[in-house]
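Data block below; observations after.
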Amino acid sequence: MRTWKMRKDGQRIDYLGRKWRNLGGPFMEVSRVVTWIIIITLVALAIKTILPFFSPLFFAFITAYALYPLHIKLKERIGSKNSAILLTLFLLLGALMILLILVYTLTPVIGQAYDYLTNLEKIKINIPLVPKSVISSLEGVIDEFIERGKGYLVSLTFSVPKYLLQVIVYLTFVYFFLVKEKEARELITFEDEKLIRIIERGNLTLQALIRVWLLLNIVKGILMTLGFLIFKVSNLPTAILAGLLTVLFSFIPLFEGWMIWLAGAFYLVKQGHIIAGIGLAVYGFTLVSPLPDFTIRPKLVAREAEFNDVLVLIGMIGGTWGLGLKGLIIGPIVLNVAIEMLREWKNVQAKTERS
């Protein structure tokens, strides 16, 4: 039995082949769906794998970006790998110094703060002419605040191993980004003028953020040193150490500069200098951290990046709210790039309407 026939135009039609071709459409659709499921699953697993290390990965990229000019100069003299190793070792030395300072200075303070909060729980509020229900509600709020404070202190104590792991990942990626700087630069090199302008906006914002970050953190350290001297927390060497710690902590995702003035204020209150402790807390909150991060920083970044300071503030607050400390950098960059993309889209629309 023949399985084909000849059409009038001379083309042979194979019945079996036609049946397979008819099945080919649905078969290809199923195959495409399965392929996309596999791709999405792999991407989701990759994101889940990288997500715990996203913060050190992100800050490693920022550090490598900031060290890039120095890396280029060193590369000309000692080579790319040697330059990357030297800079990574320098960062490792800084990380070890910070770890030692944390162990020998903050650990006793955290322990004392925990004991102080525990003692506060035993205090009973007794205010004349105030209903017991109000006092009971107030005690409940205070107890909740104390429990959260104790939980935060415990989390700081157990954060040292996490800090070490993040430092290892951070330094590894810094070295990788420095060694592979040529490949990374080629990866974000485009010929399309629109993409080039968008990348330049992101680059300009990132440069502004890094410059302002460095400048502001140095000023924070100076102000913290002055604060420790003004409120008589310590002598000059310890005050200078507090300033250096403020600068260093401002670069660490896990910590921040406010921890230094908080420790100083707690020390003053424990010594009985309550007014001085409150004064240092107000001074630190207003001039060191976190208020300057959301007032002075947006204005400086906006001026450097030629961007609206209100949008920078929105980017910083929204980024921090959604992404933590790294959102201070990601938020303004995303907004600036998004606005540049909107401008390019409007230009394309205008050209289309004219044509």
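The backbone N, Cα and C atoms fix where each Cβ goes, glycine too.
Features of the protein shown, as given by Swiss-Prot:
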- 34-54: transmembrane segment (TRANSMEM)
- 55-75: transmembrane segment (TRANSMEM)
- 84-104: transmembrane segment (TRANSMEM)
- 158-178: transmembrane segment (TRANSMEM)
- 212-232: transmembrane segment (TRANSMEM)
- 240-260: transmembrane segment (TRANSMEM)
- 274-294: transmembrane segment (TRANSMEM)
- 310-330: transmembrane segment (TRANSMEM)
* Taking residues 6+ outside the transmembrane segment (84-104), which of them lie with a CB under 8 Å of any CB in it? -> 63, 67, 70-71, 74, 78, 160, 163-164, 167, 170-171, 174-175, 178-179, 245, 248-249, 252
* Asked: Ranking 34-54, 55-75, 212-232, 310-330 by Cβ pairs under 8 Å to the transmembrane segment (274-294), which is first?
  -> 212-232
* Who are the chain neighbours of the transmembrane segment (34-54) in space, where the CB to CB distance is under 8 Å and they lie at least 6 residues beyond its ends? -> 166, 169, 326
* Cβ-Cβ under 8 Å with the transmembrane segment (212-232): same-chain residues at least 6 beyond its ends -> 66, 238-240, 242-244, 246-247, 250-251, 257, 260-261, 264, 268, 273, 276-277, 279-280, 283-284, 287-289, 292-293, 296-297, 300-301, 304, 329
